[in-house]
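Noted in Swiss-Prot for the protein shown:
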type	residues	note
BINDING	166-173, 191-195, 212-215, 279-282, 308-310	GTP binding site
BINDING	173, 193	Mg(2+) binding site
DOMAIN	1-159	domain 'Obg'
DOMAIN	160-327	domain 'OBG-type G'
């Protein structure tokens, strides 16, 4: 399934039904009095977090969603039926923004969470409602209230326990495929990964969700390369695993490039726990490896882990370092569900 983390949609709640003007007409009852029923209430537009979703791709193919109108009132004091709500299914981690793309309306973090985004209009009163001691035969009724309409933005920030960051070709996808059942595209050219990938990792009987974020280059926060639009997905991660390619020209400069982009994107990423690892150590000579490790240690101001996603050397140590930060509690079913991609229509009801 294709990945989409942002979508613009139009929503409209249902109009209320009109009230009815009617009078009783029965045998032997000369003045039956008013009997017009009230109109039904319009349906609401509801956003709900669904299990098994991690993309907004369905909203690329359908952008307009309208709840059902309430039916009109009828004679014999019959009220109109309420309109059905329309429920839009979204993945956990979705944020709802107003049309200006800045005003946050709601942030969904729990499975099954529901939010009424637009309430249906109230039904109009029938003439029976206006009967009084001074007005025994009212001939007026109210129209139904109009529903609400608006354009909104859906923005997805995947919820994972740990995030993989680094320059393009740092070996992030290889690492993810090695430690989980995820099957990201792997090739020897930059920007092989074009959208985030999720995998469930099991280490020492404990599980956590790992997100592979497309590679960053210098100037990403200004739109270079794939830009920084995917960095929102690591904002919710508890820990970052920063992979540096040992075969690159200068490991210290590579680290500072990505670190600079993270800091430029959001201050919250500066506060994230970061584990630094020098990857692809199987592809360099011992002498060069020592130089790269020293360069990286000076730049990161911490001793980097040494590992190879291809041979598996150092991988268990990296995973245990992640688990130590994430905590000993096993990941919940809700988090694991975020790593499964299941087809789902956004529209129910």
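Glycine too: its Cβ is placed from the backbone N, Cα and C atoms.
Fair warning: this is a prediction, and the values are worked out from it, not measured in the lab.
Of the listed binding-site residues, namely 172, 280, the sparsest Cβ surroundings within 10 Å are found at 280. Residue 173 (Mg(2+) binding site) and residue 166 (GTP binding site) are 11 Å apart (CA-CA, integer value). Cβ neighbour density within 10 Å is lowest for 169 among the binding-site residues 169, 173. On the 0 to 100 pLDDT scale, the model's mean across the domain 'Obg' (1-159) is 91. Spatially, by CA atoms, the binding-site residues 214, 280, 308 include one closest to residue 173 (Mg(2+) binding site), and that is 214. For the recorded site, residue 166 (GTP binding site), the DSSP three-state label reads coil. Shown in sequence order, 279, 280, 281, 282, 283, 314, 315 are the residues of the chain, 6+ apart in sequence, with a C-beta less than 8 angstroms from the C-beta of residue 308 (GTP binding site).
All protein chains considered, the CB of residue 166 (GTP binding site) has 26 other CB atoms within 10 Å. Its Cβ taken as reference, residue 214 (GTP binding site) is surrounded by 25 other Cβ atoms within 10 Å in the chains shown.
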